[in-house]
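What TrEMBL says about this protein:
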type: TRANSMEM; residues: B:12-32; note: transmembrane segment
type: TRANSMEM; residues: B:67-92; note: transmembrane segment
type: DOMAIN; residues: B:71-283; note: domain 'ABC transmembrane type-1'
type: TRANSMEM; residues: B:104-129; note: transmembrane segment
type: TRANSMEM; residues: B:156-180; note: transmembrane segment
type: TRANSMEM; residues: B:201-220; note: transmembrane segment
type: TRANSMEM; residues: B:265-287; note: transmembrane segment
Amino acid sequence: MASITIRGVKKNYVKTQVVHGVDLDFASGEFVVILGPSGCGKSTLLRMIAGLEEISEGTIAIDNTVVNKLEPRERGCAMVFQNYALYPHMSVAQNIGYSLKVAGVPSAERAQRIQAVARVLELEHLLDRKPMALSGGQRQRVAMGRAMIREPKVFLFDEPLSNLDAKLRVQMRSEIRKLHRRLSATSVFVTHDQVEAMTLADRLVVMNGGRVEQVGTPAEVYSRPASRFVATFVGAPAMNMLEGTVTLDGLSLLGDSRKLNVSRTGLPVGAKVAVGIRPEAVRMVAPGTPGALAASVDLIEELGAGRVIYVDLDGAPFSIVTSEIVHPEPGSTVGLQFAESDLHFFSSETGGRLDVFKASVPEPAPATL
Amino acid sequence: MEKRVTFGRWTIGILFAVPQLFLIFTFFYWPAGQAVYWSLTLQQPWGGGNIWVGLDNFRSILANADYWNSITASMIFAGISTGLAMVIALVLAALTDRQLAGSWLYRVVLIWPYGIAAPALALAFRFILAPEAGFMAVVNKFWPGLWDPGLDGADAMASIIIAFSWKYVGYNFIFFLAAFQAIPRSLIEAAAMDGSGVIRRFWDIQFPLITPTIFFLLVINITESFQDSFGIVDIMTAGGPANATNLMVYKIYSDGFKGLDYSGAAAQSIILMLLIVALTIVQFRFIERRVHYR
């Protein structure tokens, strides 16, 4: 168990900078997920913690010891790689036990610990096989075993589930979660899959373009996204975003074509904003209902438990998630209604979250047209 | 769907193969067959008629101490030069693999020696290793008489081994480097995370994974050290001093074309061929078992 402290960490390659000054604190025993689109620097950050990538600027400390100059083996981290990186010429037992062999653990004890790990991961019957003869999920488990057997202070996961099929991914996800509960080692898990991130994380770090956009619990990140990027990246389908301008009596949306009466936002009149609303916060009502926005239905995606209705709001795409059993005809007009408290405001210039409705209304009045 | 190219009629396939078959037949099977025939007869030095003598040529060669000396010299040459060329290339490739900036340059520069004709490089090394004027003259200045390939058989053998190894280091390097680069980076990183240092990683991960390449190069290097050594020996030592560097392939030439003993030379080339075949079989039989094909 160990805490990780990251201070002003940057990563430069010859011509480009891929991580632009990251400050993070991971508490001991925490399960942290770093989420971001590909190329956002999340894997680079993980590899800098592991010691596989040099830290250009700043410091990384594990248990208050700066590890910048330490070799990977001296940092007490174990890592699960995206493509598993199993040694193809070694059996499963040799793969799992390699770190112990390097450390000079006597073979009797080694065999015993390999057995113990194999039992936890249900690999006992596969110990003599070569990685070639294993399925994807089994290889994944061997990679986990190889990390586990060292009883590391820190577990690092570099998109370990992305090569698995959907069903196996869900299963491995819960296994990783259970494993963390059992070992309670500090874990850092990198992924671009937001479902994985939301379900696994104690705390979520959202990265974009080499910067940290937001740190918080999955619920916090979901309900109060710190920026427009986070708002649209977390949540599926993505949060609806409507460009607008603050007017005297509310907002004008979509180039003045729609008006939205809201309480005083506290923003200066004429300010350009992006207004976000989660698809699941939108209610579909009969067209012409007072205060509802009219939109035409494009497409319906049936999900079984619910359905996603894609509508067209004066050319802007907009989606609604509902569990009600409704099937509006494509092309028909529907009314959209939502609560003022469900609106998220972002600056059009910086993309940052704007705090509005400071004197928040306890009973959210429906927004009216 | 059939992945291979298929022909509607077998004759078209044969037609495509004919040019290659023709070349192989003309330049390999025919001369080889001729050599077998000659080795079983007594050829006239100036042509015109021959006598069937059965295995007499082989009997007389194998009863000759000079020939056994030549086999020993060839074995020593093959063993040391293959070992040297492979170990040096392996070390260079392992070092290069770690820092790859400008690797294209190494590849180009290091393949060049292989492209140099053996006599040309032998001439260069004859100057470089000359006892009176070359690089080794400095050594001789401090330890007079230490190095003289013209008089000392061991020095002469060392000279041709150095020249041959130099040529094959580049060739082997290219293959080794390619093999190292084919190992996924993450395997090395995983081993580093497992606590393995540079040397340990080399022996535990990289070396086992490049065994197919090592095996391939071993077969090629041994075969070539029996065959490709002719030019080097001819220019640098001409088989001397006192037959110390009279390798099998050179003895075939000197007995056949200088001594005009075509039949004996033909028999020797058959023996050389059988020896290489036998060595290759041994390698496949006993060394290939230890190769990890992925």
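Glycine residues also receive a Cβ, built from the backbone N, Cα and C atoms like all the rest.
Below 8 A, the CB atoms of the transmembrane segment (B:156-180) and the transmembrane segment (B:67-92) form 3+ pairs separated by six or more positions in the chain.
Outside the transmembrane segment (B:104-129) by six or more residues, the chain places 92, 96, 135-136, 147, 149, 159-160, 162-163, 166-171, 173-174, 177, 228-236 with a CB less than 8 A from a CB of the stretch. Long-range neighbours of the transmembrane segment (B:201-220) within the same chain, counting only residues 6 or more positions beyond its ends whose Cβ lies under 8 Å from a Cβ of the stretch, are 82, 86, 89-90, 94, 172, 175-176, 178-180, 183, 187-188, 191-192, 280, 283-284, 287-288, 290-294.
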